Amino acid sequence: MKHGLNGLLLAFQFLTTVPITRQIPWTARSARWSIVCYPLTGLVLGGLLVSLYLLLSPFLSPLVLAALLVTLSIFYSGGLHLDGWMDVSDAFLSRRDRETKLIILKDSRVGAFAVMTTILLIGWKVLLLMELIALAPREFTWLLLLVPVCLRWMIIVQLIYGKAASDQGMAASLLPYVTTHVKNASRVWFLFIAGACFLLLQNVILTLCFLLMIWLFPLFWLRVCKREIGGMSGDTIGASIEGGELFLWGIMWTFFLSVTA
C-alpha cells in the first residue's frame, strides 16, 4: 500500500503541476507503481476539463471554451509534453542524421520548426474542440474525461513495446521497471477504458473506432521514432501525448461529421 501511494505521488510530481512538496523515495517498487498510475493523472485532468466545460458552457462561446480547455491542459502538465513536442519537431524535421537529431533533442533552444508546429498544434486543437462542442456536445463531455486517461495509458504502451534511443534520459531510466506487474496493469487499464467507453459513449461503432485508434497510434509512433532516432526518449513520449491528443480529436471530429452529414 505504501509503495502504491508513493508511486501515485511520483506520477503526479512527474506529469503534473499538482503541488506535492513531499520528498518521495525512488525505489523499484515505487517506480513500477508510478508507471501504473500515469492514467490516474489523466483521469484527474479529465475531471477538471469536464468540470470547467459544464460550468462555463452556458455562458461562453464554443471558441472561448475550446481555448480555455486547451490552456488548462497545458498548465496542468506545466508544458512538459508541449516541450517534448517542440524538441521533437526541431529534431525530426531537421532532416539530419540520427546522432545530430539526438543532439537537437537535448538542445534547450527553440527552433523555427518548433514554433511553426506548436502554432499549428494549438490552433488545430482549439478548432477541433470548438467543432466537437457544436457537433456532439453530449459525447464531447465524456471524451473530455476519457481522452486524457487514454493518452497517459499510451505512455505505458510505449514503454512496454518500445526501446530507448539512448542509454540516458527518461525512457531509458523507466524501461527497467516495466515488469509483468506493469504489463498486467496496462491490460486492466485497457479493460477499464473499454468499459467506460461503452458505458459513457453508448455508441458501439464510435467506441470500437476509439479503442482501435488508442492502440494503433502509440505503435505507429514507436515505428516513427525508431526510424528517426533509433527508439524513444522522454521528448518523444511527451510529443506522443500532444500529437496523440490532436489525432484522437481529429478522428472523433471526422466520425461525428460523417454521422451528421
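Yeah, the Cβs are placed from backbone N, Cα and C, and that goes for glycine too.
Summarising the annotation, Swiss-Prot assigns transmembrane segment to 4-26 (among others) and lists sequence analysis as the type of evidence. Same-chain residues lying 6+ beyond the ends of the transmembrane segment (4-26) with a Cβ under 8 Å from its Cβ atoms: 32-38, 40-41, 44-45, 75-78, 80, 152.
Feature annotation from Swiss-Prot assigns transmembrane segment to 40-60 (among others). Non-local neighbours of the transmembrane segment (40-60) in the same chain are 8, 11-12, 15-16, 18, 68-69, 72-73, 76, 133, 137, 140-141, 144-153; each lies 6+ residues outside the stretch with a CB under 8 Å from one of its CB atoms.
What Swiss-Prot records for 62-82 (among others) is transmembrane segment.
Swiss-Prot lists 110-130 (among others) with the feature transmembrane segment.
Away from its own ends, the transmembrane segment (140-160) comes close to residues 15, 35-36, 38-43, 45-47, 49-50, 53-54, 69, 73, 129, 132-133, 171, 174-175, 178, 182-183, 185-186, 189-190, 193, 196-197, 200-201, 210, 214-215, 217-219, 221-222, 232, 237, 240-241, 244-245, 248-249, 252 of its chain (Cβ-Cβ under 8 Å, at least six residues beyond either end). The transmembrane segment annotation in Swiss-Prot covers 140-160 (among others) and rests on sequence analysis.
Sequence annotations record features per position, and here Swiss-Prot assigns transmembrane segment to 197-217 (among others).
What Swiss-Prot records for 237-257 (among others) is transmembrane segment, and it gives sequence analysis as the kind of evidence.
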Original post:
Taking a Cβ cut-off under 8 Å, which residues six or more beyond the ends of the transmembrane segment (62-82) line up next to it in the same chain?
Top reply: 15-17, 45, 48-49, 52-53, 56, 118, 121-122, 125-127, 129-130, 133-134, 144, 148, 238-239, 241-242, 245
